[in-house]
Amino acid sequence: MAAQETQAAQQSSVSNGEVSSNGAAASGEVVQTGATALDPQQQQQQQQPNAWQVIKGVLFRIFIIWAISSWFRRGPSTPDPSTPAGAPRLPSRNLFPKDTLMDLYVYISENEIFTDFNNTEALFWYQQDLVYGDWTTGESGDGCYEHYQELDLSENTIFFFCVKQNGSTYIHIYFTKSGFHPDPKRKGQYRRLSTVHSTRMLNKYKRRKFLKTKNLLTGETEADPEMIKRAESHGPVEIISHWHPNLTINMVDDHTAWVKGSVPPPLDQHVKFDAVSGDYYPIVYFNDYWNLQKDYHPINETLQNLPLRLSYCPLSLWRWQLYAAQSARSPWNFLADDTYEQSDEDQDSVKVALLETNPYLLGLTIVVSIVHSIFEFLAFKNDIQFWNSRQSLEGLSVRSIIFGVFQSLVVLLYILDNETNFVVQVSVFIGLLIDFWKITKVMDVRLDRENRIAGIFPRLIFKDKSTYVDSSTKIYDDMAFKYLSWLLYPLFGCYAVYSLLYVEHKGWYSWVLSMLYGFLLTFGFITMTPQLFINYKMKSVAHLPWRMLTYKALNTFIDDLFAFVIKMPMMYRIGCLRDDVVFFIYLYQRWIYRVDPNRVNEFGTSGVERSKDSPAQAVAADTTAAITDKSEGEKKND
């Protein structure tokens, strides 16, 4: 089952380690898209993330972020620097009372700071007599208004220079009380406390990476020749501007008496206070939460126009808090950009699940995901407890533990070679350290300071423990791996030849890693069978960590359920099924080996010795051995 845990980690590493061509970050940030020249067969090896895996990962990340945020936010909020020391903090009010009549001005410009109010070409939308906090007017009776227009990208237009020349395009939103104008130069028509302004970049920059892969034998590649030329001219990374046709402008219907300097994050980034009056402006929020990354399109020379649909809608306070929390990023930004790109991809998968999944099934998925995470934690806890308190290795496959270290090492090298995000790298590295720790529990490890390597470094000496060598376990373990090698070596050779002939790679090092990784992902479950063989030879299963195995089995059954309910790759479904087959064999062995007659009870006798006396004594000995076997197994698991 150690190999089963490693295989599950491998599957999650593949899905989390992919680089999507649709990843995006917040406005103005440069994000990385997927490999353009990636071979289709190599893409098939990397399974696409599914909603089941994504929801589990997002729930776990939310818990970790909440725990870290709670730790760092225990202190009082940071005081506002503009507030004099010792001055009382008074509650403020919204500068726009309920049902205030407003006018909406929307300008589009290449400048982040807009001043050209007299340019009619820059005015994209003008809407009069909006009512602040009204939820009944509008085209659909929900307080929402919409405006659609296609931006002309022909030469000598403002949008040509903003967009087609790979420049930035900004949208400027102004809400003014009815009868006022946003231009400060218009005397008598402009009032500072009656104007709300917000700006945002419309286009997003993404990095497109070119992976130079080829067939190592022929030197040929199936990549698009045009992409190869662009890679040669622009380098391995090209920055491309992308466009999304939809954007929603929300004005939050909120009249909370916020206190300056005490607004909790991340809401403090959106509440703007007036420096003179101390009151705050209405909150204008650019809502692109439901804009999926796959709907962003690159802007190139062939485009003649760009569609843009703007929507204005009121937004309640609690919904705005949800959106703001989802869109916010931690101020302790010590992770690479790729980590947040993967977060954007995960959020996209969750959005698709929310939009397309039946609500009842979605609720069940969330509940079972939480239960699944609890079982994973309990399995990890009991696994550590079992190996930490284990004194005898009789009946346990030590070679399976060693092979598990090799599997974890291959997974770590593979994800490092494929530039997986930082979170996945850390999790796999921690798993590898735990596997190394298990080596110290199943073998005697010491430093030989007399026979140093190159006369400098002490030599590590590994020696089997006496409880493993003295028993018949080592013989059965060697026998199981000998039989297993008859099957694994031919499969390994065939897979290596196939990978070399039909799959493109970056180089020989990448070929070795991808070949080993693909082989372990496909046939790694076979390494769970040596323990079955040892159980069969010893006619006992009392030495196994049954609590940990039970938690893992429950998780496997949960995976089976959702593998056939939620759309998933067929290989993933087959992987869940084959793990079930192995565990059912474990259960069958537990049923047929309920009593171990060779085990010595607390009176110093075994069932075999007692059976030589009389049939009645043999029955009593079997009963005592069964009770002893059960109690000792529970103590070891505890």
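Glycine is no exception: its Cβ is also placed from the backbone N, Cα and C atoms.
In TrEMBL, the feature region 'Disordered' is placed on 1-33, out of the ranges 1-33, 67-99, 199-231, 595-627. When Cβ-Cβ distances under 8 Å to the transmembrane segment (396-416) are tallied for each of 360-380, 422-439, 483-502, 508-529, the top count falls to 422-439.
Beyond the transmembrane segment (483-502), the same-chain residues lying 6 or more positions past its ends with a Cβ under 8 Å from any Cβ of the stretch are 41, 215-217, 511, 514-515, 518-519, 522-523, 526-527, 529-530, 533.
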